[in-house]
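Engineer: Before I ask anything, let me first share the structure, which is written out below as structure tokens.
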Amino acid sequence: MPIDSSPLPCSVLLLSGGRGQRMGGQDKGLLEWRGQPLIAHLQRLARPLTDDLIISCNRNPERYADYADQLVNDDSPDFPGPLAGIRAGLAAARHEHLLILPCDVPHIDAPLLADLRETARRNLLLPVMVRHGEFWEPLICIIPTRLRAAVEDAWHAGERSPRKIFLQLGGVGLECPADDPRLANLNTPQLLQTPSGVSE
């Protein structure tokens with residue numbers, strides 16, 4: 001029987017529901033970088049990968065609607081962190097795997113996502129996270145939606161760290177270079193204003 005080498009079908013969740021503290025409380029996904037909102041850069045990358053593009057947003061749904069097939073929001077009003085958006089995405093996802101990306105990593109490219117999907121295809125029952133050096137990136141990951149109940153259990157037990165939960169569930173790492181520029185977070189006004197979007 002031939003080995004299936006087709007890309008892993010995924011729903012995609014773009015996380016844009018945070019408080020934006022480092023941005024002065026602004027809605028980070030709508031801030032402009034290179035002439036477009038951050039969310040537009042991620043949407044353009046993710047759109048070819050799925051027929052189920054979900055955006056987690058807690059503000060301005062009318063501005064996000066054109067970028068998504070579904071919008072979700074947290075079930076708590078106090079910006080409880082990215083795990084709340086992940087929970088909402090897992091509940092809404094139409095495929096058996098959910099690829100998760102934060103809105104502030106516009107340097108992410110298609111080859112990295114292809115590697116992530118291939119690693120997930122080889123580890124169908126486990127969360128797969130990007131890892132660079134000693135650091136895990138739990139918000140750049142693919143998680144089987146069948147793990148939703150385990151994530152819910154951890155949430156109700158008080159855990160709020162996606163990294164801890166995914167590692168407890170047997171998380172696998174996609175190794176990237178320690179200084180991989182594709183993983184740069186544009187999470188301050190200064191980084192948004194630099195030409196490269198990478199700190200000097």
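Cβ atoms are placed via backbone N, Cα and C, with glycine included.
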Engineer: Leu15, Ser16, Gly17, Lys28, Asp74 bind GTP according to Swiss-Prot; which of Asp51, Asp52, Asp104 goes with them?
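Structural biologist: So the GTP site in Swiss-Prot includes Leu15, Ser16, Gly17, Lys28, Asp74 plus, from the candidates Asp51, Asp52, Asp104, Asp104.
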Engineer: Please give the maximum pairwise Cα distance, in Å and rounded to a whole number, for the GTP-binding set Leu15, Ser16, Gly17, Lys28, Asp74, Asp104.
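Structural biologist: The widest Cα-Cα gap among those binding residues is 19 Å.
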